[in-house]
């Protein structure tokens, strides 16, 4: 995949997210920046699966030095390597052994999947959905040597937009 040729939207209501890991997968993939190939990073050490589609927003730079991460919540699993237009509803703030690591929380635009069209902000998601996401990230590195995660909590769409804007500016230098 050549991200340079991808028409990237940074509109909070129609954001391009490259899916690296499909919902329910237990394999962590990462896009190789040089080749554009989707590389297997590792199989999760614990008996867990990703609770949502997981990827990144192209042409951004998060506080961890990589493109900013994004979870795309949907009842379906999107193919790894696909690009989904999504709308921001919040952000998960966490810290791991490498430092701060924000995860944007998004839903597919209604044209792609109208199932959750009523969700406009993080507080519109069920407590159970947020608890599953939080639990996954609190525990998915538990069995890996020298790795840890501390989930700081969820913030609203306004905070997510600030994280996105900061990541765009960091990418642009």
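Backbone N, Cα and C atoms are what each Cβ position is placed from, and that goes for glycine too.
Listed in Swiss-Prot:
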- 28, 42, 54, 140: substrate binding site (BINDING)
- 64, 69, 101: Mg(2+) 1 binding site (BINDING)
- 69: Mg(2+) 2 binding site (BINDING)
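Feature map: annotations from Swiss-Prot on the structure.
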{"residue": "28", "record": "substrate binding site", "CB count, 10 Å": "16"}
{"residue": "42", "record": "substrate binding site", "CB count, 10 Å": "11"}
{"residue": "54", "record": "substrate binding site", "CB count, 10 Å": "23"}
{"residue": "64", "record": "Mg(2+) 1 binding site", "CB count, 10 Å": "15"}
{"residue": "69", "record": "Mg(2+) 1 binding site", "CB count, 10 Å": "22"}
{"residue": "101", "record": "Mg(2+) 1 binding site", "CB count, 10 Å": "21"}
{"residue": "140", "record": "substrate binding site", "CB count, 10 Å": "20"}
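Spacing of residue 42 (substrate binding site) relative to residue 101 (Mg(2+) 1 binding site) is 19 Å (Cα to Cα, whole number). Taking the Cα atom of each, residue 64 (Mg(2+) 1 binding site) and residue 54 (substrate binding site) are about 16 angstrom apart. The record assigns 28, 42, 54, 140 to the substrate binding site, and the maximum Cα to Cα distance across that set is 15 Å. Taking the mean position of the Cβ atoms of 28, 42, 54, 140 as the substrate site, the remaining same-chain residues with a Cβ inside 8 Å of that point are 21, 26, 27, 29, 41, 44, 50. Distance between Cα atoms for residue 140 (substrate binding site) and residue 69 (Mg(2+) 1 binding site): 16 Å, as a whole number. Cα of residue 101 (Mg(2+) 1 binding site) to Cα of residue 28 (substrate binding site): a distance of 16 Å.
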